[in-house]
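Feature annotation from TrEMBL assigns transmembrane segment to 12-31, 51-68, 80-99, 111-129, 149-167, 207-231. If you look up TrEMBL, you'll see 111-261 marked as domain '3-oxo-5-alpha-steroid 4-dehydrogenase C-terminal'.
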Amino acid sequence: MEEIADQTLFRYCLLTLILSGPPTAVALKFLQAPYGKHNRTGWGPSISPPIAWFLMESPTLWLTLLLFPFGRHALNPKSLILFSPYLIHYFHRTIVYPLRLLRSSSSGKSSFPISIAAMAFTFNLLNAYIQARWVSHYKNDYEDGLRFWWRFIIGLVVFVAGMWINITSDRTLVRLKKENRGGYVIPRGGWFELVSCPNYLGEVVEWLGWAVMTWSWAGIGFFLYTCCNLIPRARASHKWYINKFKDEYPKTRKAVIPFVF
(Lines of atoms letter the chains of each structure in order from A and count residues from 1; the text may use other names and numbers.)
(Lines give C-alpha, C1' and ligand atoms only; values in the text may rest on other atoms or scores of the structure.)
Protein backbone atom coordinates (compact mmCIF):
# COMPACT_ATOMS: atom_id res chain seq x y z
CA MET A 1 0.00 0.00 0.00
CA GLU A 2 2.80 2.43 0.82
CA GLU A 3 4.42 1.74 -2.54
CA ILE A 4 1.13 2.39 -4.36
CA ALA A 5 0.62 5.62 -2.43
CA ASP A 6 4.16 6.73 -3.26
CA GLN A 7 3.67 5.92 -6.95
CA THR A 8 0.44 7.94 -6.96
CA LEU A 9 2.16 10.90 -5.29
CA PHE A 10 5.04 10.72 -7.74
CA ARG A 11 2.73 10.62 -10.77
CA TYR A 12 0.66 13.58 -9.57
CA CYS A 13 3.80 15.60 -8.85
CA LEU A 14 5.23 14.75 -12.27
CA LEU A 15 1.95 15.72 -13.96
CA THR A 16 1.98 19.00 -12.03
CA LEU A 17 5.51 19.73 -13.23
CA ILE A 18 4.66 19.04 -16.87
CA LEU A 19 1.36 20.95 -16.85
CA SER A 20 2.72 23.98 -14.97
CA GLY A 21 5.05 24.97 -17.82
CA PRO A 22 2.58 26.45 -20.34
CA PRO A 23 0.70 28.63 -17.78
CA THR A 24 4.06 29.89 -16.53
CA ALA A 25 5.10 30.88 -20.05
CA VAL A 26 1.79 32.68 -20.64
CA ALA A 27 1.99 34.53 -17.31
CA LEU A 28 5.59 35.62 -17.93
CA LYS A 29 4.59 37.04 -21.29
CA PHE A 30 2.72 39.75 -19.39
CA LEU A 31 4.42 39.96 -15.98
CA GLN A 32 8.07 39.38 -15.08
CA ALA A 33 9.22 38.26 -11.64
CA PRO A 34 10.44 41.45 -9.91
CA TYR A 35 14.10 40.76 -9.24
CA GLY A 36 17.34 41.71 -10.93
CA LYS A 37 16.90 44.26 -13.71
CA HIS A 38 13.11 43.79 -13.48
CA ASN A 39 13.02 44.72 -9.79
CA ARG A 40 10.08 46.90 -8.72
CA THR A 41 8.02 47.68 -5.66
CA GLY A 42 4.63 46.29 -4.69
CA TRP A 43 5.60 42.67 -4.03
CA GLY A 44 5.85 42.81 -0.25
CA PRO A 45 8.86 42.46 2.03
CA SER A 46 12.27 41.76 0.52
CA ILE A 47 15.52 40.15 1.60
CA SER A 48 19.04 40.34 0.22
CA PRO A 49 19.63 38.38 -3.02
CA PRO A 50 22.36 36.10 -1.57
CA ILE A 51 20.05 34.94 1.23
CA ALA A 52 17.13 34.57 -1.18
CA TRP A 53 19.12 32.42 -3.61
CA PHE A 54 20.46 30.24 -0.80
CA LEU A 55 17.04 29.65 0.79
CA MET A 56 14.99 29.09 -2.35
CA GLU A 57 17.51 26.74 -4.00
CA SER A 58 18.33 24.78 -0.82
CA PRO A 59 15.61 22.06 -1.18
CA THR A 60 17.54 20.68 -4.15
CA LEU A 61 20.27 19.66 -1.69
CA TRP A 62 18.68 18.84 1.65
CA LEU A 63 15.55 17.19 0.25
CA THR A 64 17.69 15.07 -2.05
CA LEU A 65 19.83 13.96 0.89
CA LEU A 66 16.68 13.01 2.78
CA LEU A 67 15.01 11.10 -0.09
CA PHE A 68 17.82 9.46 -2.02
CA PRO A 69 18.89 6.89 0.62
CA PHE A 70 15.37 5.39 0.67
CA GLY A 71 15.30 4.59 -3.05
CA ARG A 72 15.75 1.00 -4.16
CA HIS A 73 18.65 2.11 -6.40
CA ALA A 74 20.28 4.24 -3.71
CA LEU A 75 23.40 2.06 -3.58
CA ASN A 76 23.60 1.47 -7.32
CA PRO A 77 26.77 3.22 -8.58
CA LYS A 78 24.98 4.17 -11.81
CA SER A 79 22.25 6.04 -9.94
CA LEU A 80 24.86 7.93 -7.92
CA ILE A 81 26.84 8.80 -11.05
CA LEU A 82 23.67 9.85 -12.87
CA PHE A 83 22.58 12.20 -10.10
CA SER A 84 25.99 13.82 -9.63
CA PRO A 85 25.61 16.52 -12.35
CA TYR A 86 22.30 17.62 -10.82
CA LEU A 87 23.90 17.95 -7.38
CA ILE A 88 26.94 19.77 -8.77
CA HIS A 89 24.71 22.31 -10.50
CA TYR A 90 22.68 22.96 -7.38
CA PHE A 91 25.69 23.06 -5.06
CA HIS A 92 26.92 25.90 -7.25
CA ARG A 93 23.51 27.59 -7.36
CA THR A 94 22.82 27.18 -3.63
CA ILE A 95 26.27 27.78 -2.13
CA VAL A 96 28.79 29.20 -4.63
CA TYR A 97 26.55 31.67 -6.48
CA PRO A 98 25.13 33.33 -3.32
CA LEU A 99 28.66 33.66 -1.94
CA ARG A 100 29.72 35.34 -5.17
CA LEU A 101 26.78 37.75 -4.83
CA LEU A 102 27.68 38.37 -1.20
CA ARG A 103 31.21 39.38 -2.17
CA SER A 104 29.83 41.79 -4.74
CA SER A 105 29.52 45.31 -3.36
CA SER A 106 26.26 45.72 -5.31
CA SER A 107 24.40 42.92 -3.48
CA GLY A 108 23.54 45.11 -0.53
CA LYS A 109 21.91 47.72 -2.79
CA SER A 110 19.34 45.35 -4.29
CA SER A 111 16.55 43.26 -2.88
CA PHE A 112 14.64 40.09 -3.64
CA PRO A 113 10.90 39.81 -2.82
CA ILE A 114 10.17 37.11 -0.25
CA SER A 115 7.02 36.19 -2.20
CA ILE A 116 9.06 35.31 -5.29
CA ALA A 117 11.61 33.40 -3.23
CA ALA A 118 8.75 31.43 -1.62
CA MET A 119 7.36 30.47 -5.04
CA ALA A 120 10.81 29.35 -6.20
CA PHE A 121 11.27 27.40 -2.95
CA THR A 122 7.97 25.58 -3.59
CA PHE A 123 8.96 24.73 -7.16
CA ASN A 124 12.33 23.40 -6.01
CA LEU A 125 10.62 21.22 -3.40
CA LEU A 126 8.43 19.72 -6.12
CA ASN A 127 11.19 19.29 -8.67
CA ALA A 128 13.79 17.96 -6.21
CA TYR A 129 11.32 15.31 -5.09
CA ILE A 130 10.61 14.27 -8.69
CA GLN A 131 14.23 14.15 -9.86
CA ALA A 132 15.62 12.47 -6.73
CA ARG A 133 12.80 9.93 -6.55
CA TRP A 134 13.07 9.08 -10.25
CA VAL A 135 16.82 8.50 -10.24
CA SER A 136 16.98 6.71 -6.88
CA HIS A 137 13.81 4.61 -7.12
CA TYR A 138 11.68 4.58 -10.26
CA LYS A 139 14.24 4.42 -13.08
CA ASN A 140 14.38 0.80 -14.27
CA ASP A 141 17.00 0.62 -17.01
CA TYR A 142 20.24 0.71 -15.01
CA GLU A 143 21.02 -2.83 -16.15
CA ASP A 144 20.73 -1.81 -19.82
CA GLY A 145 24.44 -1.05 -19.85
CA LEU A 146 25.29 0.17 -23.34
CA ARG A 147 22.24 2.37 -23.90
CA PHE A 148 22.46 3.78 -20.38
CA TRP A 149 26.07 4.84 -20.87
CA TRP A 150 25.52 6.29 -24.35
CA ARG A 151 22.62 8.40 -23.08
CA PHE A 152 24.59 9.43 -20.03
CA ILE A 153 27.73 10.42 -21.96
CA ILE A 154 25.86 12.36 -24.65
CA GLY A 155 23.67 14.08 -22.06
CA LEU A 156 26.66 14.84 -19.85
CA VAL A 157 28.52 16.54 -22.70
CA VAL A 158 25.47 18.74 -23.36
CA PHE A 159 25.02 19.37 -19.62
CA VAL A 160 28.64 20.39 -19.04
CA ALA A 161 28.57 22.72 -22.06
CA GLY A 162 25.43 24.39 -20.73
CA MET A 163 26.79 24.68 -17.21
CA TRP A 164 29.98 26.30 -18.52
CA ILE A 165 27.94 28.86 -20.46
CA ASN A 166 25.71 29.48 -17.45
CA ILE A 167 28.49 29.90 -14.88
CA THR A 168 30.81 32.03 -17.01
CA SER A 169 27.93 34.30 -18.05
CA ASP A 170 26.72 34.73 -14.46
CA ARG A 171 30.28 35.50 -13.40
CA THR A 172 30.49 38.22 -16.06
CA LEU A 173 27.20 39.80 -14.94
CA VAL A 174 28.19 39.80 -11.26
CA ARG A 175 31.58 41.31 -12.13
CA LEU A 176 30.02 44.06 -14.24
CA LYS A 177 27.58 45.02 -11.49
CA LYS A 178 30.42 45.12 -8.99
CA GLU A 179 32.58 47.27 -11.26
CA ASN A 180 29.68 49.64 -11.95
CA ARG A 181 28.44 49.75 -8.34
CA GLY A 182 25.13 48.04 -9.04
CA GLY A 183 24.46 49.81 -12.32
CA TYR A 184 23.93 48.18 -15.68
CA VAL A 185 26.14 48.31 -18.74
CA ILE A 186 26.06 46.41 -22.03
CA PRO A 187 27.72 43.01 -21.43
CA ARG A 188 30.45 42.25 -23.93
CA GLY A 189 32.48 39.21 -24.92
CA GLY A 190 31.86 35.49 -25.14
CA TRP A 191 28.29 34.38 -25.65
CA PHE A 192 27.07 37.91 -24.92
CA GLU A 193 28.10 38.76 -28.47
CA LEU A 194 25.38 36.38 -29.68
CA VAL A 195 22.57 36.64 -27.11
CA SER A 196 21.45 38.99 -24.37
CA CYS A 197 20.99 36.22 -21.80
CA PRO A 198 23.58 33.47 -22.25
CA ASN A 199 23.13 32.58 -18.56
CA TYR A 200 19.58 31.48 -19.39
CA LEU A 201 20.72 29.79 -22.59
CA GLY A 202 23.24 27.80 -20.57
CA GLU A 203 20.63 26.64 -18.09
CA VAL A 204 18.26 25.56 -20.85
CA VAL A 205 21.08 23.56 -22.45
CA GLU A 206 21.97 22.01 -19.08
CA TRP A 207 18.51 20.61 -18.49
CA LEU A 208 18.27 19.41 -22.07
CA GLY A 209 21.37 17.37 -21.25
CA TRP A 210 19.70 16.18 -18.04
CA ALA A 211 16.64 15.03 -19.99
CA VAL A 212 18.92 12.98 -22.26
CA MET A 213 20.87 11.54 -19.32
CA THR A 214 17.77 10.48 -17.37
CA TRP A 215 15.79 9.56 -20.51
CA SER A 216 12.57 10.19 -18.60
CA TRP A 217 9.43 12.28 -18.35
CA ALA A 218 10.93 13.66 -15.13
CA GLY A 219 13.88 15.08 -17.08
CA ILE A 220 11.73 16.21 -20.01
CA GLY A 221 9.27 17.91 -17.65
CA PHE A 222 12.08 19.84 -15.98
CA PHE A 223 13.58 20.84 -19.33
CA LEU A 224 10.21 22.06 -20.65
CA TYR A 225 9.49 24.03 -17.48
CA THR A 226 12.94 25.62 -17.68
CA CYS A 227 12.17 26.74 -21.25
CA CYS A 228 8.76 28.09 -20.22
CA ASN A 229 10.30 29.99 -17.32
CA LEU A 230 13.56 31.33 -18.73
CA ILE A 231 12.88 32.00 -22.41
CA PRO A 232 10.11 34.58 -21.70
CA ARG A 233 12.35 36.20 -19.08
CA ALA A 234 15.23 36.31 -21.56
CA ARG A 235 12.99 37.97 -24.11
CA ALA A 236 11.89 40.57 -21.52
CA SER A 237 15.52 41.21 -20.54
CA HIS A 238 16.44 41.60 -24.22
CA LYS A 239 13.74 44.27 -24.62
CA TRP A 240 14.92 45.92 -21.39
CA TYR A 241 18.46 46.22 -22.76
CA ILE A 242 17.17 47.67 -26.04
CA ASN A 243 14.95 50.21 -24.26
CA LYS A 244 17.76 51.25 -21.92
CA PHE A 245 20.66 51.47 -24.35
CA LYS A 246 18.71 52.09 -27.58
CA ASP A 247 21.03 52.49 -30.60
CA GLU A 248 24.09 51.50 -28.57
CA TYR A 249 22.79 47.98 -28.15
CA PRO A 250 24.07 45.49 -30.79
CA LYS A 251 21.42 44.98 -33.47
CA THR A 252 22.46 41.41 -34.29
CA ARG A 253 22.22 40.16 -30.71
CA LYS A 254 19.29 37.80 -30.08
CA ALA A 255 17.49 37.19 -26.78
CA VAL A 256 18.48 33.64 -25.85
CA ILE A 257 18.92 31.39 -28.89
CA PRO A 258 21.86 32.44 -31.13
CA PHE A 259 20.88 33.60 -34.64
CA VAL A 260 17.25 32.58 -34.06
CA PHE A 261 15.40 34.17 -31.11
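Including glycine, each Cβ sits where the backbone N, Cα and C put it.
Stretch with the most C-beta contacts under 8 angstroms to the transmembrane segment (111-129), considering only 12-31, 51-68, 149-167, 207-231: 51-68.
Most Cβ pairs under 8 Å to the transmembrane segment (12-31), among the stretches 51-68, 149-167, 207-231, belong to 207-231. Away from its own ends, the transmembrane segment (51-68) comes close to residues 35, 74, 83, 86-87, 90-91, 93-95, 97-98, 101, 112, 114, 116-118, 120-121, 124-125, 127-129, 131-133, 135-136 of its chain (Cβ-Cβ under 8 Å, at least six residues beyond either end).
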